[in-house]
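> Checked TrEMBL, it gives:
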| type | residues | note |
| --- | --- | --- |
| TRANSMEM | A:15-35 | transmembrane segment |
| TRANSMEM | A:42-61 | transmembrane segment |
| TRANSMEM | A:98-118 | transmembrane segment |
| TRANSMEM | A:183-209 | transmembrane segment |
| TRANSMEM | A:229-250 | transmembrane segment |
| TRANSMEM | A:262-291 | transmembrane segment |
| TRANSMEM | A:303-321 | transmembrane segment |
Amino acid sequence: MDAILVQILNGLDKGSAYALIALGLTLIFGTLGVVNFAHGALFMIGAFCAVTLQRILNLSYETVDPDKTDFLGQPLKVKTPYVESWFGPDVGAAIIDWSVPLAILFAIPVMLIFGFVMERGLIKHFYKRPHADQILVTFGLAIVLQEIIKANFGANPIQTPAPEMLSGVATLMDGVVYPVWRIVYFCFAALIIGGVFAFLQFTTFGMVVRAGMADRETVGLLGIDIDRRFTIMFGLAAAVAGLAGVMYGPINAPNYHMGMDFLVLSFVVVVVGGMGSLPGAVLAGFVLGILESFASTTWATTTIPGINQIIIYLVAIIILLTRPRGLMGRAGVMED
Amino acid sequence: MSNKTLTRRGVLKSGVGIGAGVALPTIFTASSASAFTNEPTGSSVTLGFNVPQTGPYADEGADELRAYELAVEHLNGGGDGGMLGTFSSKVLDGTGIMGKKVQYVSGDTQTKSDAARASAKSMIEKDGAIMITGGSSSGVAVAVQGLCQEAGVIFMAGLTHSNDTTGKDKKANGFRHFFNAYMSGAALAPVLEKLYGNDRRAYHLTADYTWGWTQQESIAAATEALGWETVENVLTPLAQTDFSSYIAPVLNAGADVLVLNHYGGNMVNSLTNAVQFGLREKQVNGKNFEIVVPLYSELMAKGAGANIKGIVGSQNWDWKLENERGDKYAGSNAFVKSFGEKYGFPPSQAAQTCYAQTLLYADAVQRAGSFNPCAVAEAMEDFEFDGLGNGPTTYRGADHQCFKDVLVVRGAENPSDEYNLVEIVEVTPVEQVTYAPDHPMFAGGALGSCNAGA
Amino acid sequence: MFGLDKKDLTLLLVVALLTLLAPFILNPFPTGSGLAQFNAGYPDLMQRFVIFGIFAIGFNILFGLTGYLSFGHAAFLGVGSYSAVWMFKLLSMNIIPAIVLSVIIAGLFALVIGYVSLRRSGIYFSILTLAFAQMSFALAYSVLTPITNGETGLQLTLDDPRILGASATADGSIPVTNLFGLEMRSAVNMALGPWNFTFSAGYYVCAVVMLLAFYLAIRIFRSPFGMMLRAIKSNQNRLNYTGLNSRPYTLAAFVISGMYAGLAGGLMASMDPLAGAERMQWTASGEVVLMTILGGAGTLIGPVLGAGMIKYFENIFSKINDNVLHGWFAWMPDGIEDLTVTLIHPFIGKGWHLTLGILFMLVVIFLPGGLVEGGQRIMRLFRRRKATEDDQTKAKQPAE
């Protein structure tokens, strides 16, 4: 029983990441009709916002400690971060400790601007082009982005630990413990998802965007500058992906190809949810997350060997064959 | 390879241009003259360094490449000579190999068998490489080793830890300096017994591919011999990034040791997740819960950050070895010095293995007096040497595996800097990690006969 | 001739000429010179060019004609390779039975996957094919290791129970793949002044197969069947309303294109008897999609150009290192030499991915029709007149 509960939590947690990425991807599909293969890269850039902030906070000056030696036998240079010398060791250390949550503030403007620039500079020119061209150009962009990250940060994973206070485990009930940060991540995802839905549902801006998703031409005819709004939506989608990345850092250390690892999976999630459906994307994210968690239990792998390797794809096939447009898809979106 | 001719590089490179482009195809040659593939005839000899430059192991590959460049420099008489000064065999004198200047080409394995073979083939077919070396995973090592066997060149494996490389898939033209999964198990077992006692219950998480399986098999066999019980062995997909659903069941499995048979990114993630779930602070059966990572590397330690504190694993070599364990491991400091001065940080075990492999190859050629792969292989087989940083070592002829001491290391609690992430716990002497060539974990393959191509 | 009209015949002959003379064309630089780094005329890479050319031609029959974007085509290539290697292990080292089996198995595989996947269209179809391919990859890497040898890849060993032929040669080596005795590995070298050209048996076998495959593709493009496939692409609904069931046509195209992939896989294993699971990974499927779009989807020659381009970058650019650069720019003054090397450094060696990514973007931004359109623009520049109507329609096939 406890084991099942923990696996559901694991599933919700994985599902949070899937749902956040799929949400942004669907926003772009739905509003702009663009197949964005660079979406995984946006997630990765978000995670590296946290890494960058951590590096900035750790900028140090060096002092020589004559008592210790380095690997070449010369006196060891001890590094002290500037923040520690400015704010005192305790406050400085606390700031560094909280670098991941702080990175949220750092990542929001970065990702929004990144999204705007990307849409205005590149994606805009591909609205009328075939999906295949969109795939090629965004895939090229994804490669370029991840190679730039690799050139600056290396290929090795870089730890971005959670603050001391939010790491460790919480006891949920008798005998059931779960990492605090993962609970934080789930709550954070719920907050973002709720925020995006509320934004689209309850603001005039959101209403126009929804109208644009349904019928772009008519909205344009009504004299509304839908393009500008779509640019903002692209920025928003980039920010959602980026924040998902920032917060994911403490769960798994970011590396330059984490975007590619998530890319295919997030496409599967979006399609299983149904093209153009935001609730569908979120639902599919959680469903696949939970199923994946259960498939990796010993019980499942002994019943069907290798099930943990293929579960996501198997489920995708079954759903697409029984529900032609995924869980909640609309007719006519990306079907030709 | 039957296509390489006497003329190919030698004539052309030394510039005997045959009257500058006479338009008659006068020199048609098929499978003749030269005694073996890519026989170097000019004043230089080309080695092929095939390392991962893209993909998750790119940093490890970069470190290997640095070591190769350093080895080439030293072979050609540049720099401070590094381990040439401490190497027990003194035939290398800094004038290249057999008087020929050493040149090299590099390629990208992408950590994929196909790409690695394509890259190695291009080195053999296009650049005339006489020896291929490198790699950062066993799948690639076995694939390239097979290719070199067919092509008739020597393969000096880089970082490959699977038993199969010198077991089921061993080849007459392939040689491995790095240690293997069996040795990890044999070296770790006594230390684990000393640290954690002999009535432990181990839970294994194993990467679901060949290396993972041989690793798990070896560790389970070694620990069960101590009296440990293997509670469960769970296979995890290679592509897995979040291991939470594999870690969570460990909490209630009644196990008190978790063995992570993972490498690279898999290991960094699974260990991070295990620590997240509070396994390191857990108490089971009245004992502290322990995590073991059988195969360590410096890059993995760096990637896992603070999570590796106190976690035990094995290594082929460590840059602190000579400092801490004395003269027996001569060569280590010389290598660290020349590497560190050139690149600004100490070398990894992958770098040391690759450097040693290059020197060993050059030395074998020099002693054999020929670049012929068969002669080189003969010179290498059962060669005993010292002074390359690992202490006295033997290249066993029966399976082309090096036998030397194995390090057991532990993540440091308070590292003084980023290069001291692990501390050496024990150096397991070579006798304890030696096995018979026909050991069941290595059975099923044959070296075959050496192939010189042509 | 060959039942082709004049334009197609010219294209076929040009391709045939280029393919047969490839050892010369791809080796433009003298062996000893610094630029020899850019020579691609060595057997392995030439073989890869034509094999991936076959793969891309086949993919284009499905994607270019029907518009169905399969994201799992690499699975058929992988299955083809495994079949071929098993044939070498069990039957004989002759490549004919191996290739025949790989085409048949890949065809059957495509029939099953196609039958299921073609029940959906658009992106739903893409994801279905992707799912099948990823499942094949994951299983081949782990659970199916007894058949596929997992991570290491399926290789020949000294104790293969080969029915026709020996397990090992007299001197204790593994036998070589051959075509009725002609070893795929054998090659003839020709030194011509400072140049050196290699004519490899394996390459010419591949080249002949590719020409046949290319010819067949032309015939399919120009046949009534091809017309029907185009009709599906331009408007499947309308076709259905006319009372035609389009499914058999798309399925036929899918199977044919799967058999092309199987052929490519079989040839690959024939040139180098190894079959690895990575050949089925989604990145491999994505690669053939990129090849086709990069070259020009829906055109006859485009996919081959795209395949050549990507393989060239993968094999040539990844091998340029700083050492080579210093060799090239040694004539510059020291400071400027270092600066030049530093500037180029990020794009070569371990940075070859970056160069490829930039290239993708540049091509798709400036040449919407892919490399073929680039070629046409250059031709037009030379001719100084507008290309014929015919060319235009060929280049402007929307790539959906």
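Heads up, the Cβ atoms here are built off N, Cα and C, so glycines get one too.
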> List, by number or range, the same-chain residues at least 6 past the transmembrane segment (A:183-209) whose CB is under 8 A from its CB atoms?
9, 12-13, 16-17, 19-20, 23, 27, 31, 162, 166, 170, 219, 224, 226, 229-230, 232-233, 236, 240, 243-244, 247-248, 251, 278-279, 282
> Among the recorded stretches A:42-61, A:229-250, A:262-291, A:303-321, which has the greatest number of Cβ pairs closer than 8 Å to the transmembrane segment (A:98-118)?
A:229-250
> Apart from its near flanks, which chain residues at least 6 from the ends of the transmembrane segment (A:262-291) lie with a Cβ under 8 angstroms of it?
7-8, 10-23, 25-27, 29-30, 37, 39-40, 43, 142, 193, 196-197, 200, 213, 311-313, 315-316, 319-320, 323, 325-330, 333-335
> Which residues of the chain, 6 or more past the ends of the transmembrane segment (A:15-35), have a CB below 8 A from one of its CBs?
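Cβ under 8 Å, 6 or more out: 42-43, 119, 123, 126-127, 131, 134-135, 138, 185-186, 188-190, 192-193, 196, 209, 212-213, 230, 233-234, 236-238, 240-241, 243-244, 248, 262, 265-267, 269-270, 273, 275-278, 280-282, 284-290, 333-334.
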